[in-house]
Structures are given as structure tokens and as C-alpha cells.
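The structure appears below as C-alpha cells.
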Amino acid sequence: MADHHGDQDVEAITAQRRLDCYQNVSQATPPSAVFCPVLFDGWSCWPVTEAGMTANQSCPDFIPGFERANTVSYKCEQDGSWYFHEAYNKTWVNYTSCVNTADLSFRTIVVSIHCFGYGVSLIALLVSLALLFHFKSLRCVRILIHMNLFASFALNNCLWLLWYYVVFDETAILISNEIWCIALHRVLYTGLISNYSWMLCEGLYLHTVLVWAFIQQSSLYWWMNVVGWGVPLLTTLIYVPVRAWLGEGDELDMCWMRDFRYDFIQQIPVAATVGLFLINIVRVVVLKLRRGPANEPSGGASRSTLQALRATLLLVPLLGLNFLLTPFRPQGGPPWEYVYEIVSAITMSFQVGTLRGGFSFFNPESGRFQGLCVAVLFCFCNGEVQAQIKRKWRAARFRSKRANSCTMTTVSVRKFVRTSGPQNGEDKV
């Protein structure tokens, strides 16, 4: 597999290659009087080549999906001009031979896993929202926070599916860098940040219940909405003008997909959620557990404290801290890299990117199955929701049996009336 340059700027690489091409490549005229001159096609440098001959060289190693071990060729025509592609109306090098077809097929499978995960998570989240909307008796601040968390994940999953199917494989759209594409990318990341802000709200609520037991619930929920939806909007409102005014060169291209030197603006809410606040929640819960034996007659932790501990433990897969179990990305290429990518696509809560030195950190792309995890933990495994579903099921069965009983009774009465009615010759009453 090609040794890619990771997050290095492709434009800077090609600019240097262009400079090297015209400075270092020999300009010596071949024996033939007709030849093709030195040419830089945007990726590769083609030396002086005799007319009728074909130049060959290794594929560029900085283009994702290209295999350096493969060879690309460029023909010098009999008239001393490089091959001209009539359909494209320009000189053109066919780089299709450079494509690593096996790697391309594998990446297609990984993308399919991503889309499947987003789709499954979206269905689970919508079902969860429908259940919680239907059971009005469950409405409380805790459940309302869960519903907002589900809504943020559902929104984010919809946006990622839209991105994959509309933009992801469309190079022309990325190159054109239209306003709607930039807007979609920013809305997508706003939805992503809302995932983390509502995770933070889950932790805030747990912390508040543990520390201030008698706080006013309506006021608390109002502040949860300010944090949950306000923080992502505020982050985007700060980030967009900063990037529009201070962005340079390729930072403003490709629908703003490339790294920006002020990306930390949108990473602060993520860092605050995953790091600082979770540590504080764990600290508070541990203190509560340590005080349990002194306060409880049975010598154990209270039921509410154990529930709080369980909720805190649920935040571990929710926040994707299982990622810390696999901090290093295999560098040896297939097959271990393929195994890693598949496992990552299925289990990881973040898209992994390799940084300098080999250490991996998360790149904020929401987990494909993280929404499913949220729906299962906070809705389908919720005892209150299960109790409401069982109650509705029993009520539906009871109504069905009662309706059948009434039908049988009506049929029996009608039969009795028909059999006990007036016989021949008798008068009808």
C-alpha cells in the first residue's frame, strides 16, 4: 500500500514537485529531431521523450488510494506532442493504472459499514423517540434530556448519511466548493457537537442530582437546553466567521473539509465532555460510594447512589472511551490494517486518524453505532419504558379478549332469539 503523506498539504507537495521538475530534469534534446518537451501534469514530471515513444514512471505516493509500486505511462505522439484527450480537450495522463483496486474495494466495504451503522442507529433512535413521545407518563427532566440526546444523534446520523450519498464520492462537488456544500459540512459538525453537548447535559444532570438534590427541575431543564443546543450554535457562529476571514489557501477549499489552524474552536466542547466533566462525575460518585457504609443501616451504598454509578458507567461507551483501548494504528499495512479498519468501523465511537509519531487521536466523526448504543442503554433497557410497554401490551390483550367475549355473547343471544321465536301459526309480539 502506498506510503501516504497523511495530513500534509497536497498542494504544497505538488508545488515543490513542479519546481523540482523544471529545475532538475534534463533538458537535453534526444537524437531525434522531433520530441516532447518536459511537462508537469499536476502530479508527475515527464522528461524529454522522443516522438513515438512512451515514458514510464512510478505512481505518485501522496495521492490517497494510489499504489506507488504501480506504473503510469504517457505517450509522446509522432508529431512531438504529448497525448491529447479529445473528450477532455487537453493533454491527459491516464492514472487509472495507479489505483489500488483491492484497497478501493476494501474502502467501499468500510463506507458501507459506516452507512449501515448510521442507518441502524437512526431507526433505533426514531423508535426510541416515538416510544418516549407516546408514553406521556414518563415525562420528567431526566427523560426529556434523554429525548434531546436521541434527537441530536438522529439529526447527526441523517446528516452523515446525506453527506455520504450526496458529497462523499462526488469529487466535482468538492472541487467546485459551492456554498451549499460548505453549509452542509458546517451543519453536520454542528450536529456532531450537539451530541457531545447533550452528553455533557447527561453528566450535568447526574452531577446536579447527586450534589444538589432539591434544585428546581424546570429551571434545570432550561439550562440543559441552553447548554445542549446553545453551545453547538455558539461554536459554529464563532468558527464560521473566523475561518472565512482568517482561512488561507486550501483551508477555504474542498467544502472546508481540510484542517484549519483554529480547529480547536470546535474541539473545545468535545474535550470538555470527554475529559474534565466525566472525571468530575466519577469523583463525585466515588465519594458517594465511600460515604455509603456510614449512612446506610445495611452498611452498603444506597439504591440511588448505585443507580448514579450505573449511569456514570453508561457514559463510558457513550463517550467512546473504549477508544483508549486501541491507541495505536497498525503501520504494517494489510492484513492488520484491514482488520483494524473493520473493527474501528463497527466498534469505535470516533474516526481514527494517525498523527505524527504513530499515535492516534479521534477525528470528530460521530460513531456509526453510537446512536444505537444510546437508544439501547437509555430506552430499550430502561425499566420504566419496559414497564409501560408491558402495561400497554396487557391492556391491548385485555381489550381484545373483552371484544371477543362481547362478540360471543352477542352471537349467543341472537341464536337464542332465533331459536325461541314464534313457531308456525303463532302470533309475533
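Using N, Cα and C of the backbone, Cβ positions are placed for all residues, glycine too.
Because the structure is a prediction, the values reported are computed rather than measured.
TrEMBL annotations:
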DOMAIN    20-102  domain 'G-protein coupled receptors family 2 profile 1'
DOMAIN    110-382  domain 'G-protein coupled receptors family 2 profile 2'
TRANSMEM  116-135  transmembrane segment
TRANSMEM  147-166  transmembrane segment
TRANSMEM  196-215  transmembrane segment
TRANSMEM  222-244  transmembrane segment
TRANSMEM  264-287  transmembrane segment
TRANSMEM  308-328  transmembrane segment
Intrachain residues whose Cβ lies under 8 Å of the transmembrane segment (147-166), provided they are six or more past its termini: 111, 114-115, 118-119, 121-122, 125-126, 128-129, 132-133, 173, 184-185, 187-188, 191-192, 194-195, 197-199, 201-202, 224-225, 228-229, 365-366, 370-371, 374-375, 378-379
Sequence-remote partners of the transmembrane segment (222-244) [C-beta within less than 8 Å, at least six residues beyond its ends]: 141, 145, 148-149, 152, 186, 189-191, 193-194, 197-198, 200-201, 204-205, 251-252, 256, 260, 262, 265-266, 268-269
For the domain 'G-protein coupled receptors family 2 profile 1' (20-102), residues assigned helix / strand / coil by DSSP: 10 helix, 26 strand, 47 coil
